[in-house]
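Trainee: Got a structure for you, written out below as structure tokens; questions coming shortly.
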């Protein structure tokens, strides 16, 4: 075994996926691994770099396709990817990097605001050595929340936003509204 593997962090919005991604990458940095993070370039809510909803910032490469950064990451042994659901080549990229001996950590939504799967992320599950599903707090009743609910009427899947556009909700509050 070459040590390469895939860690997948999934859950609804506001569940701490990006925070957990940053925590894991920092652990590897402390252990003297050469690390890089990649964020989806169309996500520019807070500025450059990888940002959490509570405004923590971490340096990151930006791309819309992961194959575009292949040449920039050859020297790194740990690759963190945020908003993995938006990368069309996430499955092939992660499998290739893990097979080359790299540790790949992906933070991603597992479902849309309509509770439909992000198929590229579901296709990563059988290829991953570790899968963690986080929950958030329901922004309506304050119980455990497993779903993201869009506040507006837009129907497009890729609309990037924060708590101005989305809420994390439990099953009861998702179905009841």
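In case you wondered, yes, glycine gets a Cβ from its N, Cα and C as well.
Pasting the feature list from Swiss-Prot:
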type: ACT_SITE; residues: 83; note: active site, proton acceptor
type: BINDING; residues: 11, 12, 13, 14, 15, 16, 17, 18; note: ATP binding site
type: BINDING; residues: 113, 157, 158, 159, 160, 161; note: substrate binding site
type: BINDING; residues: 138, 141, 170, 173; note: Zn(2+) binding site
Trainee: Name the secondary structure element type, per DSSP in three states, that contains residue 173 (Zn(2+) binding site).
Mentor: helix
Trainee: Are there any residues in the same chain, six or more apart in sequence, whose C-beta is under 8 angstroms from the C-beta of residue 13 (ATP binding site), and if so which?
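Mentor: Counting only residues 6 or more apart in sequence, the Cβ neighbours of residue 13 (ATP binding site) under 8 Å are 109, 136, 148, 166, 167, 168.
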Trainee: Compared by Cα position, which of the binding-site residues 17, 113, 141, 170, 173 is the closest one to residue 83 (active site, proton acceptor)?
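Mentor: Closest recorded candidate to residue 83 (active site, proton acceptor) by Cα: 17.
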Trainee: Can you grab the distance from residue 18 (ATP binding site) over to residue 113 (substrate binding site)? Cα atoms, rounded to a whole Å.
Mentor: 18
Trainee: Based on Cβ atoms within 10 Å, give me the single least packed residue among the binding-site residues 138, 141, 170, 173.
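Mentor: Minimum Cβ neighbour count within 10 Å, taken over the binding-site residues 138, 141, 170, 173, occurs at 141.
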Trainee: Once near-sequence residues are set aside, which residues in the chain of residue 113 (substrate binding site), 6 or more away, have Cβ atoms under 8 Å from its Cβ?
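Mentor: Set apart from residue 113 (substrate binding site) by at least 6 residues yet with Cβ under 8 Å, we have 148, 149, 150, 166.
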